[in-house]
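Worksheet: the structure to be examined is printed underneath.
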Amino acid sequence: MNKSSADLIEVFSSIQGEGLLVGLRQVFIRFSGCNLTCSYCDTEPDRTQYCQLESTPGRRDFFQVENPVPVDRLVNLVSGWQRGWPGIHHSISITGGEPLLCHQLLQELLPALRHYLPIYLETNGILHGQLAQLLDHVDYVSMDIKLPSTSGYTDLWQAHEEFLRLAASKKTYVKTVIGTDTEDWEIIRTAELVAAIDSRIPLILQPFTDLKGRVNLSAIRMLEMQETANRYLQEVRIIPQTHKFIGQL
Ligand code: SF4
């Protein structure tokens, strides 16, 4: 990928299925590649030869373009949708994979896109050095805290903390995927980490949701985890991946 073009998986219009902006309509720009390999990941890990571009927002009339996709093409697509369908999108989700791996490209792309809509960055919350270079061009940050029981990673706490210290200057919330093996100490450590920066930052407990929208974790266990986190934080919500219920991407 050169500085003015991006390796993408897809660009489309849909509802945000997770977190605080759940249900709002967004333009999704999904970057390929990630610096992690979480156990529950359902994203294609490798670069794909083609990117799927939606022609009409929300109609799934995709066509293929070869990667990498030029920045100009993305900006023209978003500006065209804004002209043709004014007001339907709340913001642009920059997602992945891990989009911060493309931080140099994002320095060029985000200011151009932000001319049309606010920028919502979805990230695994590790690459704080790269975030620092982009914060001025971002409106919302959705960052993960990866739990050992669901992601398989045990040593990301320090990186998450440094990331959240930076992201806290924006409209930021923390999302963590919980599962049947998640233990109380993981919820406590997550809540303590967030509270040490700002106890008003929302924490979303996201029960692992399979591709058909099924959640295995019991309601009682979810409520127990919420009670545990609420001892440290003002706003703890339980939100599954809702877009899977209606068969959306
Ligand atoms: S951070 Fe996200 S995209 Fe990367 S491996 Fe984990 S779940 Fe997949």
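Backbone N, Cα and C define each Cβ position, glycine as well.
Record features, source TrEMBL:
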BINDING   Ile15, Gln16, Gly17, Arg30, Thr95  substrate binding site
DOMAIN    21-249  domain 'Radical SAM core'
BINDING   Cys34, Cys38, Cys41  [4Fe-4S] cluster binding site
BINDING   Tyr40, Cys41, Asp42, Gly97  S-adenosyl-L-methionine binding site
BINDING   Thr43  Mg(2+) binding site
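Taking the features listed in TrEMBL, we show where each one sits on the structure.
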{"residue": "Ile15", "record": "substrate binding site", "CB count, 10 Å": "18"}
{"residue": "Gln16", "record": "substrate binding site", "CB count, 10 Å": "23"}
{"residue": "Gly17", "record": "substrate binding site", "CB count, 10 Å": "22"}
{"residue": "Arg30", "record": "substrate binding site", "CB count, 10 Å": "21"}
{"residue": "Cys38", "record": "[4Fe-4S] cluster binding site", "CB count, 10 Å": "17"}
{"residue": "Tyr40", "record": "S-adenosyl-L-methionine binding site", "CB count, 10 Å": "12"}
{"residue": "Cys41", "record": "[4Fe-4S] cluster binding site", "CB count, 10 Å": "13"}
{"residue": "Asp42", "record": "S-adenosyl-L-methionine binding site", "CB count, 10 Å": "10"}
{"residue": "Thr43", "record": "Mg(2+) binding site", "CB count, 10 Å": "15"}
{"residue": "Thr95", "record": "substrate binding site", "CB count, 10 Å": "21"}
Find the one among the binding-site residues Ile15, Gln16, Gly17, Arg30, Gly97 whose C-alpha lies closest to that of Cys41 ([4Fe-4S] cluster binding site). Gly97
Identify which of the binding-site residues Cys34, Gly97 has its Cβ surrounded by the largest number of other Cβ atoms within 10 Å, counting every protein chain shown. Gly97
Across the domain 'Radical SAM core' (21-249), what does the mean pLDDT come to, as a whole number? 95
For ligand 1, the binding-site residues of Gln16, Gly17, Cys41 whose CB is under 6 Å from one of its atoms are Cys41
Pairwise Cα distance for Thr95 (substrate binding site)/Cys38 ([4Fe-4S] cluster binding site) [Å, integer]: 16
Check the Cα-Cα distances from Cys34 ([4Fe-4S] cluster binding site) to the binding-site residues Ile15, Gln16, Gly17, Thr43 and tell me which is shortest. Thr43
Expressed in angstrom and rounded to a whole number, the substrate site built from Ile15, Gln16, Gly17, Arg30, Thr95 spans a maximum Cα-Cα distance of 14
Binding-site residues Ile15, Gln16, Gly17: which have a Cα within 10 Å of Thr43 (Mg(2+) binding site)? none
Which of the three DSSP-derived classes (helix, strand, coil) applies to Cys41 ([4Fe-4S] cluster binding site)? coil
Give me the Cα-Cα distance between Asp42 (S-adenosyl-L-methionine binding site) and Arg30 (substrate binding site), rounded to a whole Å. 13
Among Tyr40, Cys41, Asp42, Gly97, listed as contacts of S-adenosyl-L-methionine, what is the widest Cα spread in Å, to the nearest whole number? 13
Argmin Cα dist to Gly97 (S-adenosyl-L-methionine binding site) over the binding-site residues Ile15, Gln16, Gly17, Arg30, Cys38 returns Arg30
